[in-house]
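Copied over from TrEMBL, here are the features:
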SIGNAL    1-21  signal peptide
DOMAIN    51-91  domain 'Molybdopterin oxidoreductase N-terminal'
DOMAIN    95-568  domain 'Molybdopterin oxidoreductase'
BINDING   W157, R372, N483, R530, D560, N786  Mo-bis(molybdopterin guanine dinucleotide) binding site
DOMAIN    686-806  domain 'Molybdopterin dinucleotide-binding'
Amino acid sequence: MKYSRRGFLKAMTLLSSSTLAAPGLLVAREMAQTVPPVPDMSDDFHSWKVTGSHFGAMRARVSGDRVQEIRPFEFDKHPTEMLKGMIGMIYSPSRVRYPMVRLDWYRKRHLSDTSQRGDNRFVRVSWDEALDLFYEELERIQQEYGPWALHTGGGGWRSVGQMHSCVNHMLRGIGMHGRAVATVGDYSTGAGQVILPYVLGSTEVYTQGTSWDVILNESKLIIFWANDPVKNLQVGWNTETHETYTYFEQLKQKIADKQIRVICMDPVKSKTQKYLDAEHQPVNPMTDVALMLAIAHTLVKESLYDEQFLETYTVGFERFLPYLEGKTEDMVEKTPEWAEAICGVPADRIRELARLMAGNRTQLIFGWAVQRQQHGEQPYWMGAVLAAMLGQIGLPGGGISYSHHYSSVGEPSSGAAMPGSFPLNLDPGQKPKYDNTDYKGYSSVLPIARVVDALLEPGSVIDFNGSKVTLPPYKMAIFSGCNQWHRHPQRNRMKEAWQKLETVVAIDYNWTATCRFADIVLPACTTFERNDLDAYGSYSNRGVIAMHKLIDPLFNSRSDFDIFRGLTRRFDREAEYTRGMNEMQWVESLYESCRQENNQKGFDMPPFADFWKTGYVLFPKGKPEVRHAGFRDDAEVNALGTPSGFIEIFSRKIDRYGYEDCKGHPVWMEKTERSHGGPGSDRYPLWMQSVHPDKRLHSQLCESEPLRATYAIQGREPVFISPQDAAARGIRHGDLVRVFNDRGQLLAGAHVSADFPSGVVRIQEGAWYGPTGPEIGALDTYGDPNTLTLDVGTSRLAQATSANTCLVEIERFTGPVPRVTSFGGPIEVDTQGREI
Ligand SMILES: Nc1nc2c(c(=O)[nH]1)N[C@H]1C(S)=C(S)[C@@H](COP(=O)(O)OP(=O)(O)OC[C@H]3O[C@@H](n4cnc5c(=O)[nH]c(N)nc54)[C@H](O)[C@@H]3O)O[C@H]1N2
Ligand SMILES: Nc1nc2c(c(=O)[nH]1)N[C@H]1C(S)=C(S)[C@@H](COP(=O)(O)OP(=O)(O)OC[C@H]3O[C@@H](n4cnc5c(=O)[nH]c(N)nc54)[C@H](O)[C@@H]3O)O[C@H]1N2
Ligand SMILES: [Mo]
């Protein structure tokens, strides 16, 4: 029964030696011979500048100080369409051109009328004046209040580049001055990364998964559960390689050849389902736990579950089984008929799914949207329980994964070291100017999705992952490398909260809504306007990519490094901040440390000058791996990081917290609002999902006019709606519509599509917020879904975002059509408020 990992690796070598790496270093030149060049390359292509991005590596032709053309890097076999938006991003009319200060703040500083925030009237100032104002505010906050009064909101999708990573610059720069309120978790996997360590012993969401080579050879059934990898693998956390698309090509073929069956569990026909021509299993939104419970119920009733696996590798099944059988708690048996009424999947089909999963080598692959909703911890926990009952965790091509749609997880790591980054912390021995650790009883760290609660309910105490958090009423906030007014739910609630802030600083290259709602706005330059380097491949460690500066910073923009040099100079910490090095010295030193480390590991890297000229170093493909194989091999030696060391179907720790919204084992819980007959659906019958955009990275590239023109409808963000729901409302494809609920209202363009079932609509996250005015409730003129979403924590456990729990109604818009206010920057005024 026991599976030996070593035995498996040997078998792999025999099976697919051609795909495995030869020992030693595959140097760039050899690699070039095995990878066909991009077909329409011009002769001088290799002399074009190289750079990296979330969207992939690219080469740029620059002449006359202008980026003329951008093409995918020659090793990228599956470049994203988004590259077509790059030039439009650099030269967008929404660039922040000059340091700007909000009119009323300019007049009255921190005593300004904060209800005017968002009216978009700004006064242009010099860099010296802007940095003086910024510095004086930091001084005032630390002297009048203390570290609890300052919030540094970072941790978003700042541009790639290890030297210029802007969040690091902000944290180190501000950190030299004083302490602040920090955040923990993120908007992506807030619920998953908290629940899974209790269940599987690691976050799972950011870990390398079973290699695609293994899955393609061993799996007979793959379930993409709430997952659209073909859409979401277009971008990566570091410079994306798009390597995993090759496996999707192979998977498509294997489906056609009937070697592998793929089912997409999703309310919507996803891009992945359509690309692969896979089976679609529609499921009502937010009801996956009910479906999984009924599958588990069938496994028990038909004796299809792996008792021996549960016995050997898990704890707590005996506490879960009575719930499943309706003998405890709600006293409801979780039969397929019970589930059908909730999730909409016919009972017989549920039984069929259970038999299919138990009868085949089954790989469950979850996406993340399903945990970005109320009780988002539950589907992840229940997924793990289901996988444990199937008994295939740790087998090649079996078990469960929560990361295969992200940053080319599944392409094994080369094992090479990647370059480090500009430090975000102070150096050892360095102290902030205000070395004050007195937070006056408030928590110094907030769960990230609760940062707005802190402003609206200051001083209140909330539960979080077994501890208590006292919300600090911070007075000043600094945002860099994130777009808070895109990523956080419920705009009108944010508007109310922002009125409590005395001072807001935003640093960005784009005039986002976060800038519009700030007081001091500082223009960063884009990643194309500075020199840097990046990891090529976030998990595959495929290589190191040079990021050549293409053009000088446009307008009055500066690199984040230069911005914080200027700030730290104001309190005599510039030399400590920079360690006395300039941009290129930093880039070279990050490269050289990486080179030294790799030399010790047996990976050769050329001297810096050669690397900079060639533009890249590539490493060979890594060895395939199987997630949890070591644990399966020997559960004692390779115990999981859970309290028991085993998979926890029942968690005594969570049970002891006593949270009614996250109990000791996974359970089905009704949501505060839910479509398809759930609460609130009589007033607002449509579930709005705000998934990740196909042609943007969140709000990035929304400003790119050529790209936006490919999907906008009447200049607005599309709202996807089923033909039935559209017809019932007299809406036709291309109509301007108003989408609304009690939380807000927006204009969007109707995109009628049969990919959507009745009761489900979609507005992709990241559409730029553009209200008609600063007042609460104002109509959003472009279509930011977070105008409508709900800002509550997933549960007391994770306190993560619940953006995908959201009901709306839609109607044809017939009134006078307001212009879109989202793009094009501020209204520049003089100090008297006269428009310039
Ligand atoms: N409704 C809904 N909301 C969601 C989600 C959802 O699914 N539904 N998803 C959530 C998720 S998973 C995430 S990760 C978040 C993403 O939220 P964010 O990470 O905040 O989103 P981005 O739009 O990528 O914002 C990055 C900002 O950094 C700026 N920037 C880029 N490079 C630089 C630089 O070099 N210097 C400076 N100073 N600024 C720079 C960009 O211009 C942009 O404004 O959104 C969350 N919000
Ligand atoms: N193109 C592109 N790719 C990206 C990003 C981007 O902005 N653009 N962002 C990156 C980031 S930061 C992140 S966090 C990831 C996000 O990765 P995810 O959160 O996994 O992605 P989403 O696109 O929001 O949703 C994936 C699928 O979940 C389905 N879904 C939603 N709710 C439910 C439900 O209740 N039940 C079921 N069964 N299915 C449901 C949706 O219909 C969709 O097909 O993507 C990354 N990749
Ligand atoms: Mo994310």
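One is the number of the first residue shown, and numbering goes on along the chain from there.
Glycine residues also receive a Cβ, built from the backbone N, Cα and C atoms like all the rest.
TrEMBL labels come from automatic prediction, so no person has curated them.
What you see is a predicted model, and the numbers here were worked out from it, not measured in a lab.
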Inset, instruction - Give residue numbers and ranges for long-range contacts of the domain 'Molybdopterin oxidoreductase N-terminal' (51-91): same chain, 6 or more residues beyond its ends, CB-CB under 8 A. - result: 31-32, 35, 37-38, 41, 45, 157, 159-161, 234-242, 245-246, 526-528, 532-534, 536, 545-548, 550-552, 554, 615-616, 618, 695-697, 700-701, 703-707
Inset, instruction - Check N483 (Mo-bis(molybdopterin guanine dinucleotide) binding site) against DSSP and tell me helix, strand or coil, would you? - result: coil
Inset, instruction - List nothing but the one residue from R372, R530 whose Cβ has the fewest other Cβ atoms within 10 Å; the candidates are the binding-site residues. - result: R530
Legend entry - Fewest Cβ neighbours within 10 Å, where candidates are the binding-site residues N483, N786: N483
Inset, instruction - Mind computing the max CA-CA distance among W157, R372, N483, R530, D560, N786, which the record assigns to Mo-bis(molybdopterin guanine dinucleotide) binding, rounded to whole Å? - result: 35
Legend entry - Tertiary neighbours of D560 (Mo-bis(molybdopterin guanine dinucleotide) binding site) (same chain, Cβ under 8 Å, six or more apart): H164, C166, H169, M170, S480, G481, I507, A524
Inset, instruction - Calculate the per-residue pLDDT averaged over the domain 'Molybdopterin dinucleotide-binding' (686-806) and state the result as an integer. - result: 98
